[in-house]
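Student: Sharing a structure with you now.
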Amino acid sequence: MNQVPFITVEGPIGVGKTTLATALSTHFNYHLLKEIVDENPFLGKFYENIDEWSFQTEMFFLCNRYKQLKDIKDRYILNDMPVVADYHIFKNLIFASKSLEAPEYKKYEQIYHILTDDMPRPNIIIYLRASLDTLLKRIEKRGREIEKNISPLYLEQLSIDYDLKMQAFEKQHPDIPILHLDGDQLDFVHNKNDLQYIIDMVTTSIQTRSTKA
Ligand SMILES: Nc1ncnc2c1ncn2[C@@H]1O[C@H](COP(=O)(O)OP(=O)(O)O)[C@@H](O)[C@H]1O
Ligand SMILES: Nc1nc2c(ncn2[C@H]2C[C@H](O)[C@@H](COP(=O)(O)O)O2)c(=O)[nH]1
């Protein structure tokens, strides 16, 4: 496993991944790996008609993230420069497993592993959860036009899928610390003490990893 800190913040749409990853990047002076969203030309159509646009949407996210991971591997990880990201590549499987029909998902999964199995993986994961009501309010506050069509049911199911994925991930990777945070209780945007609480947790995790290395 790579020794240099590679931290990721994960969780359902609108939970605060990009906000927290950006704050951590600034605090620790780590390179920030931010996922692209608005550049995905299919996402707006996806929310209007998932069946029609899911394959192109998922493939666009996969190809873009593959290129991002390849770049940070070459430019940062292999040069022992830490990174903090607002996504884990496994999110592609969470979304695609629901949006693609089984035969297409089988093909997608094969392509996913071909592209990403030799890419760097985060060695500290921050898992943010929040209630459906909080997620919906934050998505509305963020105000992306294309996300106005996100159905509460889609978001609720996504949250369940994230929980199931994280439970499975913890069993499969006991060596990778997962910091579970309650996004309903922690306001790291408006409350400095809440942000400092998270920073202290992450600092401890980084130090623990370096002593084990
Ligand atoms: N803990 C929080 N408390 C209050 N507002 C938050 C919190 N986290 C995020 N937000 C706000 O919610 C919106 C979505 O945050 P964002 O970081 O874009 O979520 P994600 O990257 O998970 O989709 C933004 O407007 C952000 O300012
Ligand atoms: N169908 C997919 N949609 C995805 C994927 N990754 C992100 N997204 C969407 C969800 C949000 O509308 C927006 C930003 O996502 P966040 O998780 O950062 O809130 O993009 C994906 O792999 N498939």
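For all residues, glycine too, the Cβ spot is worked out from N, Cα and C.
OK, TrEMBL features for this one:
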type	residues	note
DOMAIN	7-206	domain 'Deoxynucleoside kinase'
BINDING	11-19, 138-142, 186-188	ATP binding site
ACT_SITE	Asp80	active site, proton acceptor
Student: What's the CA to CA span in angstrom from Lys141 (ATP binding site) over to Asp80 (active site, proton acceptor)?
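Tutor: With the alpha carbons as reference points, the distance is 37 Å.
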Student: What is the separation, in Å, between the Cα atoms of Gly14 (ATP binding site) and the residue listed as 'active site, proton acceptor'?
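Tutor: Per the Cα atoms, Gly14 (ATP binding site) and the residue listed as 'active site, proton acceptor' stand 31 Å apart.
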Student: So what sits near Arg138 (ATP binding site) in its own chain, CB-to-CB under 8 Å and at least six residues off in sequence?
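Tutor: Non-local contacts for Arg138 (ATP binding site): Gly14, Val15, Gly16, Ala130.
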Student: Taking ligand 1 as the reference and 6 angstroms as the Cβ limit (strictly under), which recorded positions among Gly14, Asp80, Lys141 are close?
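Tutor: Cβ under 6 Å from ligand 1: Gly14, Lys141.
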Student: Quick check: in three-state DSSP terms, what is Lys17 (ATP binding site)?
Tutor: helix
Student: Hey, what's the Cβ neighbour count for Lys17 (ATP binding site) at 10 Å?
Tutor: 25
Student: Taking every residue in the domain 'Deoxynucleoside kinase' (7-206), what is their average pLDDT?
Tutor: 97
Student: Looking only at C-alpha atoms, tell me how far Gly11 (ATP binding site) is from the residue listed as 'active site, proton acceptor', rounded to the nearest Å.
Tutor: 27
Student: Relative to the Cβ of the residue listed as 'active site, proton acceptor', which residues of the same chain, six or more apart in sequence, are found under 8 Å away?
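Tutor: Set apart from the residue listed as 'active site, proton acceptor' by at least 6 residues yet with Cβ under 8 Å, we have Gln3, Val4.
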Student: State which of the following binding-site residues has the fewest other Cβ atoms within 10 Å around its Cβ: Gly11, Gly14.
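Tutor: Checked Gly11, Gly14; of these binding-site residues, fewest Cβ neighbours within 10 Å: Gly14.
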Student: Around Asp187 (ATP binding site), how many other CB atoms lie within 10 A of its CB?
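Tutor: Its Cβ shell of radius 10 Å holds 13 other Cβ atoms.
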